[in-house]
Amino acid sequence: MAKRHRSGPGRIRQAIGYGILCLIALAFLSPLIYMLATSLKPPADVFSIPPTLIGSSIRWSNYSEALTYMPFLKFMGNGLLVAVLGTAVNLIVAALSGYAFSRQRWRGRNLVFMVFLATLMIPQEVLVVPMFVMMQKMDWVNTFQALIIPWAFTALGAFLLRQFFMGVPQELDDAARVDGAGTIKTFLLVMVPLAKPTMAVLAVFSFISYWNSFLWPLIVINDVNDLGTIPLGLQMFFGQQGSQWHLVMAASVISMAPTFVLLVLLQKHLVKGIVTSGLGGR
Amino acid sequence: MAIQASPGLKRSDAPDPEPDGQKRPAVSVRRRAARKDSGGLGRQTAWGPFFALPHGVGLALFTLLPIGASLWISLHNWPMMGQQKWLGLGNYQHLLADPIFGQVVLNTLLFVVLYVPMNLVVSLGLAAWLTPKIKGRHIFRIIFFIPAITPVVANVVVWRMLYQPGGLIDGLMQSTLGIHAPNFLGDEHWAMFSIVVMSVWQGFGYNMLIFSSALDAVPESLTEAAELDGARPWTVFYRIKLPMISPSIFFATMMTLITSFQVFAQPFIMTKGGPGTSTSTIVLFIYNQGFQFHQLGMASAAAWVLFVIILGITAVQFLGQKKWVHYDA
């Protein structure tokens, strides 16, 4: 691309623009930088004026102290368990239904798919009260399965995988059939492997939405110390130690770390997922 | 953008000449041609419903049943423990007459009216700024996206401290200007605005990515032609790029609107809805009614009011889109 040659003033303007952009990014990050800084300060330096980046000493023990108040590692384990199992269920049912909605013809298919799509319109808030009553009746209040099962069937995955499967050439089915594979074999050995990238996108988003979920765990989990997830644990920690900002910030860093790592590792999938489907959004 | 009718879904495909099981040689030309415009209609098998069954049952059990139950519960006095009593529309009448609920609805509307435009302007502005020519564009995108995926609770707790008297903002103002910052969360004139600002910070990353990729897809030939004709950058953006990405803007507006009506964690943790009821939102009201006062019937009725508001706004958006959304680029 042969761009017009930039003249001197143009280049200066560009550099200023870039500088402003960097400043905006820095300002945007300042809450997180401040969090990190505060998490390493001794309590006496937290509210120093002027605000400082580094306190009189670096206090790593804030982290171990925060961990003694609340079992954040356990919360991570709980969150991991809930998110992984929920995501697994969601992937399995969505791969099956996405396939059924795209590559198989059956009576009522389009109608059922419309119903699936319509459920995406329903806000979670409308469901939490009856869901809670259901959990009461099933005796699931304060259990892991209450965190996992109710949200494992969101229709989004069916929609995404249907979109994907519709683009797979029919020749592949035919070839599998020529080789003697039946419907189930074709699905498992041909289609699912092909759908891996889409399933990865779905998995990332499902995982994050489980991991960050707050309202439902707040409602259905009483025993936070045993069954809590990160958001619930942090909220309770904040409720109890709210004035100990150095500890609260350490706990916040701990809470953000796993998703931050996930973001760095999986940025491509995340960006792709958002761009292709508009996933996420709060 | 996400939800669109797939091409060829309704078409009746050329009938499968042979039943399953009978093997054919390679793919026939005719079939290939039929495939081309049928958009993956697939094969007639008895398996279809079975494949859809697990998901369908799950949705029926954990979405359709609850939505029906929610309506049912909303027609009762339904304490968390103890006897339910039929009220008919009693809960709804009570809500409509309840000044607190009215306040809560207004607060939520205020949040939406402030949050949605701010979110869209910031995300669109940054998406337009971060053209492929910008060095390190990828890193900027990731940076602006960080709080969109870290737990909301953690974001909120951090901002709670920024807003705190003596916190970062107040501290900076004291040391540079020598004055105290307003008590952002304790002053009812500031509280909602503060929550909005925090929410925009947290939430615009999604829309920015959507806009950014939509802008990338605008053909360069179009913008270059306009530039050659002497159009200024702003005109190019306003007259060409913006209409070209209007479907994405429509989609993002819809999603942002819908989710902004559901704001909960920010007021719940930062202000508990206060001071007074100045930052109490509909979902906070639902939560308090249901799980603090144990009035599940009232909570369900409020949830249905929220649902109807969301449906209404979605419908208005869809009707209004013809005026400004251009699908045929």
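Cβ from N, Cα, C; glycine included.
Annotated domain 'ABC transmembrane type-1' per TrEMBL: B:105-317, in sequence order.
Look at TrEMBL and you will find B:1-41 tagged as region 'Disordered'.
With a threshold of 8 Å between CB atoms, the same-chain residues lying at least 6 positions outside the transmembrane segment (B:50-73) that come near it are 296-297, 300, 303-304. Positions annotated as transmembrane segment by TrEMBL: B:50-73 (among others).
For B:109-130 (among others), the entry in TrEMBL reads transmembrane segment.
Within the chain carrying the transmembrane segment (B:142-163), a Cβ under 8 angstroms from the stretch's Cβ atoms is held by residues 126, 169, 184-185, 194, 198, 201-206, 208-209, 265-266, 269-270, all 6 or more beyond its ends. Positions annotated as transmembrane segment by TrEMBL: B:142-163 (among others).
The transmembrane segment feature in TrEMBL is assigned to B:190-211 (among others).
Remote same-chain partners of the transmembrane segment (B:249-269), defined as residues 6 or more beyond its termini with a Cβ less than 8 Å from a stretch Cβ, comprise 1-2, 108, 111-112, 115-116, 119-120, 123-124, 152-153, 156-157, 160, 195, 198-199, 203, 206-207, 210-211, 242, 279-284, 287, 306, 309-310, 313-314, 317, 321, 324-325. What TrEMBL lists as transmembrane segment is B:249-269 (among others).
For B:301-320 (among others), the entry in TrEMBL reads transmembrane segment.
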